[in-house]
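Q: What follows is a structure written as structure tokens; I'll ask about it next.
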Amino acid sequence: MKVGIIMGGISSEREVSLASGESIFNHIDKEKYEVSKIIINNKIDILEKVKGLDFALLALHGKFGEDGTVQAFLDIMDIPYSGCGALSSSLCMDKNLSKKVLKAENIRTAKWITVKSIEEIDYEKIEEIGYPVFVKPNNGGSSVATFKVYKKEDIKNSVMEGLKYDEEVIIESFIKGREITCPIFNGELFPILEIKSKADFYDYKQKYAANGAEHLPVQLEKSLYDEVKEMALKTFEVLKCEVYARVDMIISEEGVPYILEVNTLPGMTATSLFPQSAESRGISYSKFIDLIIETSLNKKIK
């Protein structure tokens, strides 16, 4: 089977994607698959470089990769690929839209507003949300251009910076508490990990530095675990996720869980959360890649 690891891309998360792709290449069973690295440098590359593949193993992140566009191209070309489909990928990449779906389904998520320009900033609504707030690109990832803002005077500059990366910026309530991630594979919850950041919040550096943050299997009290599990699986379902995705949450100091976001192409670097969760379940990195390929192919057949 000819498997192409699709990596690189044109988003602000290109370097993370390249790291994920290299890590997958180093761990995939090369006796089982005929493997090639396919580095995307511009949009047209996807049309030219995937020809002849039996399977596309996606290691892309951010725009034109995690947002459904590449998935749609591959659907048109009838090439099976890993993970969620075009609709789910697009929906989860758009934080505003995904939060609207969660709210409509009575799934708890932090309060938020969005703006598309400096002129649209509604300081009264931000006051209602309450400082501090997070300001970040609506379609961003890996905490690129994400700012924790404590006062009104700093909102404008943070929004301006976010608008450099996306046409819409989300301003979201900060919830103090324990950050956890719920890896879901084929509709099943894998071991939950707690993220213990060494900084004020889990930013880009904390996510990808070798010693940036601790990722620890967490034991939750049963009633809380049951609630977290139900929320995570329902989120996976209502956002139309397939094969695998990571549902990030925060548990407030009062013990109330909130959905933060859903990652439809979770990182696959040496420090990434999903491979660590699989490992704690006794699934090696190489075996996990096998499972992703097998389950994704079964999805395509259905």
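Note that Cβ sites are derived from N, Cα and C of the backbone, with glycine treated the same way.
According to Swiss-Prot, the feature ATP binding site maps to 126-181. Here Swiss-Prot flags Asp248, Glu261 as Mg(2+) 1 binding site, drawing on sequence analysis. Per Swiss-Prot, the feature Mg(2+) 2 binding site maps to Glu261, Asn263. Feature annotation from Swiss-Prot assigns domain 'ATP-grasp' to 99-294.
I'd like these features described in context: how deep, what's nearby, how far apart.
A: In the three-state DSSP reading, Ile175 (ATP binding site) counts as coil. Every protein chain considered, the tally of other Cβ atoms within 10 Å of the Cβ of Ile175 (ATP binding site) stands at 20.
Within 10 Å of the C-beta of Glu261 (Mg(2+) 1 binding site) we count 21 further C-beta atoms, all protein chains included.
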Q: Out of Asp248, Glu261, Asn263, the binding-site residues in the record, which is closest to Glu168 (ATP binding site) when you go by Cα distance?
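A: Its closest listed neighbour, by Cα, is Glu261.
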Q: Could you round the CA separation between Asn263 (Mg(2+) 2 binding site) and Asp154 (ATP binding site) to a whole angstrom and send it over?
A: 28
Q: Val133 (ATP binding site) to Asp248 (Mg(2+) 1 binding site): how many Å between their Cα atoms?
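A: Roughly 18 Å, rounded to the nearest whole number.
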Q: Taking every residue in the domain 'ATP-grasp' (99-294), what is their average pLDDT?
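A: Per the prediction, mean pLDDT sits at 91 for the domain 'ATP-grasp' (99-294).
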